[in-house]
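Remarks on the structure that follows.
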Amino acid sequence: MELRKSGEVSPPGTTDVATPERNGLVRRDEGAVDDSAADGDGGGPEGPPSHRRRRRPLRTAVIVAIAVAVVGGAGAAATGVIGGDGDGSDASAPDAPPRTTKVQRTTLTRTETVNGSLGHGDTTAVAAPAGGRGGGDVVTWVPEDGDVLRRGDAVYRVAEREVPLLYGAIPLYRTLDVGSEGEDVRLLERNLAALGYSGFTVDDEYTSGTAAAVRDWQEDLGRDETGAVRPADAVVAPGPRRVADVRAVPGAPLGGTVLSWTGTERAVTVDLDASDEDLVRKGTKATVTLPDDTTVRAEVTDVGTPTTSRDGGGSGGGSGGSDGSDDDKATLPVELKVASQKGLGRYQAASVEVSLKAESRENVLAVPVNALVARHGGGYAVDVVEPDGDVRRVPVEPGLFADSMVEVSGKGLTAGTVVGVPK
């Protein structure tokens, strides 16, 4: 599953690293001389020159600086050698930058964008017991795909007897009659009351009053008025259901799966790479972008258990080596609730983009990413411009990268400190 970083530059050491070439750092550090590279072309034993340039961006700049020194007779110090002095600042003052900006105190939020699917959530099968009540019963009516069923609606009919939908968390698993006690009794009585029947108290006891209400209900359904309720007499679900796929055919013997259904509210699901599990938890905020580029707010409501599948979609590789097509791919199912169903418009099912607010840092010092200068020997710095125009290079520790900004900490840096940036 594709994952993109929205407005983020990855820290050094990752594939998407904020390299000196990308941030204009090589041009500003051309005076940095690496004596070990003076007699080479940047290739070395580790691979061809182009490979070395890709992994060691400063190498090219070093060679250019040496060539200038040899041809022009000027020392590398003309542009300032990046080094370190005793107080942590770079030894030689760099040239004045073409532009400046100020260190900000702000909140940074890292956002990850992943692919998702808009739909109605997971489907659940509705099964009917074989033979119904008397054996040999047949299905005489089923709903259509897309129909929405609510409490009291017929889920299907057997020999023209309605099997209605009741709301609840547990199925009917036994025959209920006078004297029965339990939460399934409470579920039945709660539904009878919601459907307008009375003469009983909603509790966990099946009384004669409950039986009288059941007989009235059975009469309205066209059933035998027994006053008792069997497991096959109703289907229980958590709430309204949307029919996803009808399996039973009118005229066929009753038994097996009649249909499958989902919830009625649209939701977004994401199959997240298991390696990105740290990006989500219940309550993580997100923004969903629809195919027409409109957006709606959403929130992670469920994070499932990682599952592994064989990834056969590899793009090929060299002979004698693995092309990755047979690798096991672990994914994490994530479900998000959309804040406004109306905001989804007429979309019932669609591919969407989900921007997850993966990480946030409050009240931190930050500068534009391109204000960072790569230091010889590793690490980063910023060019601090003093009120008198002097420039000093101050080592910094980068933190969170987000929205073209980077969190920094360094000696003497405060909000409002003026730093240089390239053109």
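Glycine too: its Cβ is placed from the backbone N, Cα and C atoms.
Of the given residue ranges 113-132, 133-152, 173-192, TrEMBL assigns the label region 'Disordered' to 113-132. For the domain 'Peptidoglycan binding-like' (182-229), residue counts in helix, strand and coil come to 26 helix, 2 strand, 20 coil, using DSSP. Restricting the average to the domain 'Peptidoglycan binding-like' (182-229) gives a pLDDT of 97.
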